[in-house]
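The structure that follows is given in the form of structure tokens.
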């Protein structure tokens, strides 16, 4: 234990953790750049419905869910570095599929199919990337710093969303979807090169419980995470169309407001889950998320909507590390990658289910209704978290 403790405090370990987080930022631009553009591309350029928009966005997360188990086993048994680098390469392939969708002279259904293929590849890549980098980071700095590892990764992810959303809209409006796709293809390859020399961490040995027994240990924090995820899913999927329907500009900056507030909270308060425990931090965070989504639901102007998006980002920021601290406490070291992958899968399921369901709700009741649904989910998340951990 002493050796581990000393290792976790070395500057070299922290610098390696920074390199991993920066690579996550570069790779996750593959998600951030096209996120506000894909709904516009599917709805306006290909002429498909809101439900198809939801499918195009949400199907990525189903692919992530279905490959989380593989990603966890890969990280646990063969090394987290391999999982992370493999994920970066897959994310680059997703950009290649979108480039084909943009350049090939084919019909709208074929373009949509290529878009879906790219989203599926991206989902596979994301599961390898995030499971690998979380397990890699824990191996570098130790499980007592699990909140720090999750906070740094989260800052990278949502920093990429904050920067990527307006940049993606800018690239698309000036240079077209092909330029956007090419950019998303190159950035993960740069990340791969940047992380190539970061040292490996050894795979843990020991008896490995079954996946279902691991799920039995993590489902309570996972359920709270899933209910939190509805809020981000409705913003990521429908905020561009919501702004267009109201005649508002600055749609891309809603994700900047969300991501900026998210990152700021991680910088200022990312230490809280390690210090105070996950449950208290998660409950307060869900309250803030609820307030932000209610503002989006009722927003009379674009500026109020931006404030709502920022509040939602601030609320979502600490929930993953807060409840993730509880996951790390519950599982043995040799299945930590599997447990973190399974935990993140709850959020992926939430994202995947929310897209098409919210699309049907938006068609029936209008775009504001999806933000009300997100707020209700966050309130349910508060109740589930309080009741689950009180009984536990």
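In case you wondered, yes, glycine gets a Cβ from its N, Cα and C as well.
Checked Swiss-Prot, it gives:
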- 22-42: transmembrane segment (TRANSMEM)
- 46-66: transmembrane segment (TRANSMEM)
- 97-117: transmembrane segment (TRANSMEM)
- 121-141: transmembrane segment (TRANSMEM)
- 151-171: transmembrane segment (TRANSMEM)
- 174-194: transmembrane segment (TRANSMEM)
- 224-244: transmembrane segment (TRANSMEM)
- 252-272: transmembrane segment (TRANSMEM)
- 276-298: transmembrane segment (TRANSMEM)
- 342-362: transmembrane segment (TRANSMEM)
- 369-389: transmembrane segment (TRANSMEM)
Quickly jot the same-chain residues contacting the transmembrane segment (22-42) by Cβ under 8 Å, restricted to those at least six beyond its ends, or write none.
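Residues packing against the transmembrane segment (22-42) from afar: 48, 52-53, 56-57, 60, 84, 87-88, 91-92, 94-95, 98, 112, 115, 122, 125-126, 129-130, 133, 153, 156-157, 159-165, 167-169, 171-172, 177, 180-181, 183-184, 187-188, 190-192, 194-195, 236-241, 244, 251-252, 255, 259.
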If contact means at least 3 Cβ pairs within less than 8 Å, sequence distance 6 or more, would you call the transmembrane segment (46-66) and the transmembrane segment (369-389) in contact?
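Checked: the transmembrane segment (46-66) vs the transmembrane segment (369-389), no contact.
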Hey, which of 151-171, 276-298, 342-362, 369-389 has the most Cβ-Cβ pairs under 8 Å against the transmembrane segment (224-244)?
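Stretch with maximum Cβ contacts: 342-362.
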Report, as numbers and ranges, every residue of the chain located at least six residues beyond the transmembrane segment (252-272) whose Cβ falls under 8 Å of a Cβ in that stretch; write 'none' if there are none.
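That would be 32, 35-36, 147-148, 151-152, 154-155, 158-170, 232, 235-236, 239-240, 243, 281, 305-307, 309-314, 316-318, 321-322.
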Under 8 Å between C-beta atoms and at least six residues away from its ends: which parts of the chain pack against the transmembrane segment (174-194)?
19, 22-24, 26-27, 29-30, 33-34, 37, 41, 45, 85, 88-89, 91-96, 98-99, 101-103, 125, 168
How about the transmembrane segment (121-141) and the transmembrane segment (342-362): at least 3 CB pairs under 8 Å, pairs 6 or more apart in sequence, or not?
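Between the transmembrane segment (121-141) and the transmembrane segment (342-362), contact is present.
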Which of 151-171, 342-362, 369-389 shares the most C-beta pairs under 8 angstroms with the transmembrane segment (276-298)?
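Result: 369-389.
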